[in-house]
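> So that we are looking at the same thing, I have put the structure below in structure tokens.
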Amino acid sequence: SGSCEFKTCWKAMPPFRKVGNVLKEKFDGATEVEQSEIGSTKVLVPKNSQFKPHTDEDLVYLDSSPDFCDHDLKNGVLGTSGRQCNKTSKAIDGCELMCCGRGFHTDEVEVVERCSCKF
């Protein structure tokens, strides 16, 4: 009576949050590049010569993102004017970030809801 032991290996993704954090970090440190020719070879070099050359692990981009603050139908951007924001948030839904430094108006709204309260 012989027994066999099998080992099975497979690749697995790290937790989604960890992947997101790494991508966000890379996005925040992305370098704007332009195409240049060295001899007959085309290479990507930083648009700003004060930045260090990128590595194969870095994110790079050729074109800047549109300004999402202002209305620009050509690029499909609706802008942020008139949107509702969270006055206390420092995240993307916060008024400081969403209103792009234009300032914002604060409205106090009272919401009345029916509930099944028992006293």
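Placement of Cβ uses the backbone N, Cα and C atoms for every residue, glycine included.
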> Could you identify, going by Swiss-Prot, the member of C85, C115 that forms a disulphide bond with C95?
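In Swiss-Prot, C95 forms its recorded disulfide with C85.
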> Of the cysteines C99, C100, which is paired with C69 in the disulfide recorded by Swiss-Prot?
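Between C69 and the options C99, C100, Swiss-Prot records the bond with C100.
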> For the disulfide-bonded residues listed here (C69, C95), which one has the lowest count of neighbouring CB atoms within 10 Å of its own CB?
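Ranked by other Cβ atoms within 10 Å, the disulfide-bonded residues C69, C95 bottom out at C69.
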> Helix, strand or coil by DSSP: which one applies to N86 (N-linked glycosylation site)?
strand
> Sort C100 (disulfide bond) into helix, strand or coil using the DSSP assignment.
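Its secondary structure by DSSP: coil.
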